[in-house]
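Sequence annotations record features per position, and here TrEMBL assigns transmembrane segment to 18-35, 41-57, 69-89, 101-118, 130-155, 243-262, 332-356, 368-385. The domain 'O-antigen ligase-related' annotation in TrEMBL covers 211-347.
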Amino acid sequence: MAIPLSRHTAPDGVPERLLWAASGFIAVALGPLAALAPRGLPVWAILTAVVALAGLIRRQALGRVARAAVPAVLVVAFLVLALVSTLWSPSPRSVPTVAELGYIALGALLGGAWVSQLPGVEALRLARLFLIGLLVGVAVFGSEILLNFPIYRWWNGSTAEEAAIILYTNVPKRSSALLCLLVWPAALVIDRLLSRGNWALALPVGYAAFCLPLTSRSATLGIGIGLAVYGLARWSGVIARRLMGGVLVVAFVAVLPLVLLFDRGLDLTRAPWLFTSAQHRIEIWGMAATRALDTPLLGQGIDASRALPPHGEVSRFSPITDSLLPLHPHNAFLQVWLELGGIGAGLALALALLLLNGVKRMEPGDQPFALALFATSLAMISTAYGVWQPWWMASFLAAGLTLRLAARIPADNR
């Protein structure tokens, strides 16, 4: 179903001009921030929530928040479960983790309501600013890679010798993963501006080629799967959406037996055709799945992954010290099961399916971009990062809001 679009006049009055400037700043700053300081995304998320709240109040549109009643109820239930689980979580960061989940959820609720009521001309302005910022961010990130991270070295006072190993650390991997998400809403902006031409695909395809020489295999996997699902969705959006739904259900329902099959049944930790980091990851998954089965209903407690005491386990790849896992299981589905049990997994699955179902209400030409973003996200949360890391949660928030923004560009401005 097409989203109703409208126009409004230029900002009039100091409050409206401040809101106009603040919204423009958060749109254009996203790309450079992703390229240079992805761990600053939580600040961006908080600022976005504040601007969204101010915009809703200014335009007397707070009632739009109530339209998300069903997902809001599911999110509140998930947050309540996470908060209660702090009572038995071994992590000293369990309560702050719930707080971080809370402000990201609030940003999604307010930001989604705000974007949905933007007049068409304002959506067009912000989408253009986002696209400009994203292209600048990709260019800056590429320059950092090619020139041995001059900005990073200047900011951190690193020597050229120290910079030689930066490429193999999480510094570029975070930016690579975040930009992997943002290229899809940016591609939709291009598609809308150029009347459904083929130029939009140049951005994700070009970024996929750029990812190949990087060390972030998760980003390469994510953009590759996203491109494949985009192609499938162009042929049949219904089949692509159902495929994503099936993958979601299998991932949440069968992750524990599948992981144990990989680890123990197939012994993939010794598979010579897998690179060492993948073998180690499967070992981590096996340990996490085994521990998740100890508390299948309510889990070990929010953020417990970083503080699980070992029970005599031995790793083939790295010594196990005072924590069983290296901060997290590197798999969102497994982490939810481990920390919040089957109840948490059920709530998370319901939320994810609700989000996926919303894609069918988008215009047919927009759906391939949304499904590609969804597939890219699934691929990366299955293989990288702790799902509760604030910058990572804020990354998905940013991608979702900018995709929704792109979908509001008026038809007569394409």
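Placement of Cβ uses the backbone N, Cα and C atoms for every residue, glycine included.
No curator has checked TrEMBL annotations; they are predicted automatically.
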Model confidence over the domain 'O-antigen ligase-related' (211-347), averaged pLDDT: 84
Does the transmembrane segment (41-57) come near the transmembrane segment (18-35), with 3+ Cβ pairs under 8 Å (pairs 6 or more apart)? yes
Residue distribution over DSSP helix, strand and coil in the domain 'O-antigen ligase-related' (211-347): 89 helix, 0 strand, 48 coil
Report, as numbers and ranges, which residues of the same chain sit near the transmembrane segment (18-35): CB under 8 Å and 6 or more residues beyond its ends. 11, 41, 44, 47-48, 51, 54-55, 58, 122, 125-127, 129-130, 132-138, 140-141, 144, 175, 178-179, 182, 395, 398, 402, 405
